[in-house]
Amino acid sequence: KSSKREWKPLEDHSCTDVPWLLLFIIFCIGMGFICGYSIATGAAARLLSGYDSYGNICGQKNAKVEGIVNSGLDLTHKKYVFFLDPCNVDLVHQKIKSLALCVSACPRKELKTLADVQKFAETNGSTLCSYELQPSEYTTDPRAAKLCPKYPVPESAPIPFFHRCAPVNISCYAKFAEALITFVSDSSVLHRLISGVMTSKEIIMGLCLLSLVLSMILMVIIRYISRVLVWILTILVILGSLGGTGVLWWLYAKQRASASAVETQIAKDNLQALLIYAISATVFTVILFLIMLIMRKRVALTIALFHVAGKVFIHLPLLVFQPFWTFFALIIFWAYWITVLLFLGTTGNPVPNEEGFVEFRMVGPLKYMWWYHMVGLIWISEFILACQQMTVAGAVVTYYFTREKRNLPFTPILASVNRLICYHLGTVAKGSFIITLVKIPRMILMYIHTQLKGKENACARCMLKACICCLWCLEKCLTYLNQNAYTATAINSTNFCTSAKDAFVILVENALRVAAINTVGDFMLFLGKVLIVCSTGLAGIMLLNYQRDYTIWVLPLIIVCLFAFLVAHCFLSIYEMVVDVLFLCFAIDTKYNDGSPGKEFYMDKVLMEFVENSRKSMKEAGRGGGAEGRELKPM
């Protein structure tokens, strides 16, 4: 019954979900309190200037810590943190497990003996051993074995802005990297992979830029050839997948034929990688052909909607730049969040640990600020993404329900942003909070699954994975419903729950159309992503092939393809939003209007032709009357 409520597009605007906006503002004030508290307790100074194992902040005078020797020192002239054993990384707690000291200068060359350490202290005035040892005692005092750095002392340089001495050669962190990359059993493989990335970094950057350019070009092309876009993408993907697979098998056969009796390890790795790539590409191509064969009859059904979406981008060119603004806002927030996270890592009261050194720990209720900060990461990130969805929905709704396109606002995007800020921030805050409520349990279960990996039985592992999968599916369904709720809010200016209910009723009444749009339409956009990834990957294969004799290009190619897919997804997701908003507007238009005087359609001529053709075909099939006669064919 609620679906019969009169829809009055863009007639009046009112503030929606104001209590949720107030709640979101209070939450953001709490986030600001965490930042202010961490700065006020000296965490910012400890993070930026660094501190030693005795609780002294480098580069300033310090207060005495009760029960800790060597605390309360005046280290005004010692501005850098130096670790006696910088390569001793604690993988569990993710920190350097070494005595830290404040020094006046980092060793800019390798020091191989204690005599070199002593000479460095006498020459540069920078003592690299613990404070209780004088430079003259470095080679004579038996305590020097524990209180002086492990030699050879690697060449190091200060990290900009953070005043930590870091080894110039990062090879000592190889064990840490190997522990993170569990599929690497041989450290030499990891070193060859890293060297391949470093050797090909210019090519990687160029190919990433190419993927960005290709995504922009595809968005521009969509504006002008939307009517034939579906068939063009289908043909290009067929040619691209066949061409890519053929090139991989050709390169594999060529390298195998030219392989000499004495092969280098790099050549063997590249040959094996080519074989894996060629087999994977063949399987992918076969699966892709089967899917396209099954869906070939439904491809034509989305052409009308894609054509109108192309017109939307012609009238609203700023839509193309929406991913940039959203990405920029997310980067700024994530940078702030990581900075405060680092502050929290050094905030709290000085407490002696079991080794007699100082650690800073929060006590009481303040120790739960980590959880508050983590919830803030999810909620505010989802809020920014939801603002993008509401902005796009508002602009497309304005376009659809404006009969004379000459009367469109000068910049519908800015008009939509203005309506969002003035009326609908509370709705966006509520919708993003619902997604946050689903994400948090899923992340907790994923963390538990990671911590118990190899310890739980098969039944517990299966239940955990099933719960994670169910929460993931629920999150995707709610995200889709939220997007349609934002569209309903942009049309009627109703609160989130009313908009979600109305949008859900419309979607259920048009279930067949929704299925067709979300399968065929999304698959076409997926083909666009595949086209960009295949084009970038093919260019990468041709360029990296010239380096096959002296570098491994397995990892560089994977990095390039992942980045290309991410960029393509960011741009084509905007097109997907436009198609979904247009479909809901079309469904509302056909439900409450029939083309008669006083109930004229708002839709574009292309969609109107589709409606007329559908009515004619239904009359010819003898389904012109009754409830079924009012239901149009699935789009």
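Going from the start of the chain as shown, residues are counted 1 onward.
Here the Cβ of each residue, glycine as well, is placed from N, Cα and C on the backbone.
Positions annotated as transmembrane segment by TrEMBL: 20-40 (among others).
The transmembrane segment annotation in TrEMBL covers 203-222 (among others).
Among the features that TrEMBL reports, transmembrane segment is placed at 228-253 (among others).
Long-range neighbours of the transmembrane segment (274-294) within the same chain, counting only residues 6 or more positions beyond its ends whose Cβ lies under 8 Å from a Cβ of the stretch, are 234, 237-238, 241-242, 244-245, 248-249, 251-252, 255, 523, 530, 557. The transmembrane segment annotation in TrEMBL covers 274-294 (among others).
The feature transmembrane segment is assigned by TrEMBL to 300-320 (among others).
Residues annotated as transmembrane segment in TrEMBL: 327-348 (among others).
When Cβ-Cβ distances below 8 Å are used as the criterion, the transmembrane segment (368-401) is approached by residues 9-10, 24, 27-28, 30-31, 34, 37, 312, 315-316, 319, 322, 325-326, 329-330, 333-334, 337, 340-341, 344, 362, 408-409, 412-413, 415-417, 419-420, 424, 427-429, 431-433, 435-436, 439-440, 443, 482-483, 486-487, 489-491, 574, 577-578, 581-582, 585-586, 589, 602-603 of the same chain, each at least six residues removed from its ends. Taken from TrEMBL, the feature transmembrane segment applies to 368-401 (among others).
Summarising the annotation, TrEMBL assigns transmembrane segment to 523-544 (among others).
Among the features that TrEMBL reports, transmembrane segment is placed at 550-572 (among others).
Counting Cβ pairs closer than 8 Å to the transmembrane segment (228-253), the top stretch among 20-40, 203-222, 300-320, 327-348 is 300-320. When Cβ-Cβ distances under 8 Å to the transmembrane segment (300-320) are tallied for each of 20-40, 203-222, 327-348, the top count falls to 203-222. A Cβ distance under 8 Å defines the sequence-distant neighbours of the transmembrane segment (20-40), meaning residues of its chain 6+ beyond its ends; these are 336, 340, 343-344, 346-347, 366, 369, 372-373, 376, 379-380, 383, 425-427, 429-430, 433, 496.
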